[in-house]
Structure formats: C-alpha cells, structure tokens
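Chemist: Please find one structure pasted underneath; my questions will follow.
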Amino acid sequence: MHSLERVTARCLFGIYWWMGLVPLPLSSQLLWLLVALLVRCIWLGYYLMMLYIGVLYLWNDKGLNISYISGTTLFIGYSLLGLLIQAESALKHRTYARFDILRVQLRLRMQRLGMSRGCSRAWRLLLLLGTQIGSDAARSWANAHYSISPVHIISLPQKWLLRLRYVQLLWQVMELNQRARQLRHSLLGLAAGNDLWQPYGSQEWQQLQTLRLSFDRIYECYEAFSDCYGWGMLGLQMMCGLEFVSNAYWIITEAYMTQRVYMLIYNGNSCFAMGTLIVALFWYGDASANNCLIALSMFVTVTLAHGIILLDTFLQRRTHRQLELRLDVSRLEVQNQRHVLLRVSGVVVPFLVVHSLIVWSKIGLASQWYTPIFWFASPSDWGVQLKMIAFLSDVLLANERVLCVQQSLKQLTRQPNHGRQSPSVVSVIRFKEMYRELHHLFVQLNFAYGSSLLIIFIVLFFNFLFNSFWLVRHTLTRLKSPVYIYIHLGCLLNLGLLLSATCWHCQQSFNHSRQIGCLIPKLVNPMGSKRYNDLVSEFLLQTLHQRFVVTAKDFFSLNLHLLSSMFAAVVTYLVILIQFMFAEKSSQATPRPEKMTTND
C-alpha cells in the first residue's frame, strides 16, 4: 500500500509539473526553470488559441440560442479559468513553499506521537481518475458517431488540466484530514490514560504540548492551503457547476424534443464526470458529514430547481404571453397601479437589501469549504426567488382587477330596483362575463406557474428549514463569528417575507371571490322578472363553483393554511435535526480510543 502511495504521488507530481500546476523552480535550477517557462508558454498559447476560437464561434454564428450561448460561454470560461490557474501556480510560489514547510513540520510532529502512518489516498484518486477516463471515452465515442461538439477534441487538454487540479486539491485535503484524525485519536488516548483528579506528569505534559503545537500546525496548513488554491477553487466550482447545470438542461431538452441517444450519452457522462469531482471535493473538504450532506443537498436541489423552472418557463412561454396581455398594467387606473407597485416594492426592496448585506458579509469573511457552494448556488437561489416575485406581481395585478369588479358590483347593489329591469339584466350579464374572465385568468395563472410553484415551494421550504437549523446550531455552539448568525437571519427574513406575502395575497384572491359571492344575493328583486332573478341565481352558482384559487398543479392551494402547515413542519423537522446534531456530537465525543504509542 505504501509503495502504491509513493508511486502514485511521484507520477502525479510529474503530471502536475508538465501541466503547469506546481510553482516554478528556483532560479538556481536554471535548466529546469527554462523548461518550466517553456511549458507555461505552450499552455499560454494554447489557452489564447482557445479564447480566439471561442470568440469566433460567438461572433460569427447568426442563429444564436440558449444552448449555443451556454456552450460557448463554458468553452471561453474554461479557457479563462485555465489562465487563472496557471497564473496562480506561478505567482504564489512563496505561499506554496510555506505550505510545504508546514506539511513537513506537521509530519515530523506526528512521528513524535507515533501516529505517522499515511492515509490510503491512492486507490480512491485512481478510482476517480478511472471514472473520468471512462466518461471521456464514452463522450468521445458518442461524439464520433454523432457530431455533437466541434471542440470536443481540442478542449480535452484544458478539461484534463482542471480535473488534475481537482485531484491535486483532493490529495492535499485528504492528507490534512488524516492528520486531524490522528491528532484527535492521540488526544483521546492521552485523556483516557489519566484520571481527572490526578495531575499530569511531565511526560503527559510534553505529549499535550506536542498535541497543541500539532493542532496549530494543522490550522496553519489549512490556512496556507486556502491561500494557495483559493481563487482557483472558486473558479473550478463555479465553472464545473455551470457545466453540470448546462448539461442537465441539454439532457432535459434533448429528452423532450428529439430523444437522440448519442446526445444523452454525451451530456449524461459530462454531468457524471463533473458531479463526481464536485461531490468528492466537497465531501473530503468538510470535517462534518452532516453539514456536507445538507449543503450538497441544498446545492443540488436549488440548481435542479432553477433548471426545471427555466425549462417550464420556456415551455409555457405562450401562456405567459397571453397572461401578460390579460394583465396589462396600462389598463388599470393610476391609483391601482400605485397599489401594485407599492406592494411589490415592499417585497423587492427588502429582498435586494438583505441579499446585498449577505453578499457583503460573505466577502468580508474568511473562505470556508462551503464558500464556493454559496457563490455558485446564489444565482440559482436568486433566480428561484425572483420567479416567486414575478408570480406575486401577477397575483397582485389579478387581485386589483378582482377589486375593481367587486367595487363596481357594490355600486350596482346600492342602486334601487324600480320597474325598469333591462339595464339590470344587461349589468348582471356583463358582471357574469367579467367574473368568468377573471376565473379564466386565475386558471391561466395556475397553468403558467403551477409546475414552477411546486418546485419553488419545495426548495424554499428546505431552504428555510436548513437555514433555521444552521441558525440554531451557530447560536448553541458559538464557535464562529456572529456574522454567520446575521447571515442566516437575513436568509430567514427574506424567505419568510416571500412565503408570507405570497400565501397572504393568494388567500386574498380566494376571499375576494367569496365577498363577490356574498354581494350577489343583494341583487335579487322579488318584484323583478323571472329572467333577471334566474340570471342572479346563475351568477351566485357561478361564484360558488368558480372560486379564485391559486394551486401548485393541484397538489396544494396557496393560502394561509399552507403557511401554517409549513411552519409546523419546519418546527418538527428542526427538532429532529437538532437531535441528530446532539447525537453526532455524543458519538464523536465518546469513541473507543486507540492505544497510543510513543517514541522513547
């Protein structure tokens, strides 16, 4: 096993060297420095050529569409990211040297504790590389049988440079995690060998001092690691996540439109390759499996939800266009337009202010393992919430039209009924037609937003639940800066305001339809004609059977009852998550310690 580790490490270092993923040699090694500069110049020319090709594709093509633009953007983005990684490796040679010194010091301190055994990284990384090679083989086979991507072959070097950067990051992270586990076992062994009421001896004090210094070295190693690879990791996660979303979108559109098998194989393997790299780095980059799973589940859920919402909006574009024509703002009076603008601003302004404060707070905080998740998931998260705001604005416009009909109906009920019945019959017929159009408007609203609402409410529910859990966790542990508490409070404020406003105004739509139904019996005239009273009875039945209800594909209705049910479910699941948190802490605090050996 140790020989496999050594051979794998040497082979990977050679590959990193020729890929330009390690710092430049010292000036004393002039020959190797010249060769390294030549390698960097070759990679620089390659990436500049890729940029030129990408700009030509984007500039010369006349029939641009979403798939073409996203593919060209990915191609150009990977070229820029490759240049960033090359510059990061060349310019941060001092930080790399400091990181290597800290790693050597940490390994020596672990040897003093008798815990210098290595971690089994080789077979895991070789398995990951094997999956990447198999995925590329499947993609190349599909591209050879059906010309999918004209830049597939020439873009393979830049793809593999980024993948090997992932492997380089994973190698370092797995080593640091193994050192942290060794330190933990050593500390548990030291604590198990001493009673609480007995003082430590000189040997135990020296071991404890060595453990303390080892902890300092581990912390410094993590800090140096973040400093060495921070910007590259951010770019990697953003570009790989964008490729994952783009390929998922292409899979959905391909399955919906043409069902070409080669396209599905090509895009499916691209999703699999990028997904394994992202999951591997996030998994080994976190010390807490529960937090990693929660963050990854939120990342995948929000990203998939954003893709599904974009696809649903694309498929329902005709319905949205018809809805816009029905909800023409110019038809409303100036006062009603102000009401709608004021209510929408009451949601949009806090949304923008809170998100701006969250972004500003995140920029000021130190980079953590989940920082790339936040930056990449933020556009999808904002897209989901902005879709909710767009739906809310349409509901407000529909409610204003309902209020106009309600006010006109109130004025009609206040008119005294005399012998002349013809105008009243015409008015009832006109109001019946207006009510029918309003009901059709809400039916069209449900059809246009139904699928998106179903996904949005599921995502916002989980988002609210997990932010509540993180808020409680940070409040109870107090291990991090209070800024994290403010960030989660801001997220909860935004989500709570958005959910409450949407459910409230959808409830008002239902209430307005009931109020219109309550006004209709006042139109009954016992002295009137049979036709008039029959029309009033039909109108009353119409309001009873055609209520203005907003639903998410008939799975649930949007009202205050849904809001209270979501609040109860959040409290229930929050209690369960807190119990899991305490159970995890208990299991980590009371493991069976290993017997520690020391070097005499």
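Quick reminder: no glycine exception, Cβ is built from N, Cα and C everywhere.
Those TrEMBL annotations? Automatic predictions, nothing curated.
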Chemist: Which residue range, 156-175, 296-315, is the one TrEMBL calls transmembrane segment?
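Modeler: Per TrEMBL, the stretch marked transmembrane segment is 296-315.
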Chemist: For the annotation transmembrane segment in TrEMBL, which listed range does it cover: 66-85, 366-385, 426-445?
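Modeler: When 66-85, 366-385, 426-445 are checked in TrEMBL, transmembrane segment belongs to 66-85.
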Chemist: Sort out the residues at least 6 away from either end of the transmembrane segment (483-501), same chain, that have Cβ-Cβ distances under 8 Å to it, and list them.
Modeler: 343, 346-347, 350-351, 354-355, 357-358, 361-362, 364-365, 385, 388-389, 392, 457, 460, 463-464, 467-468, 470-471, 474-475, 563, 566
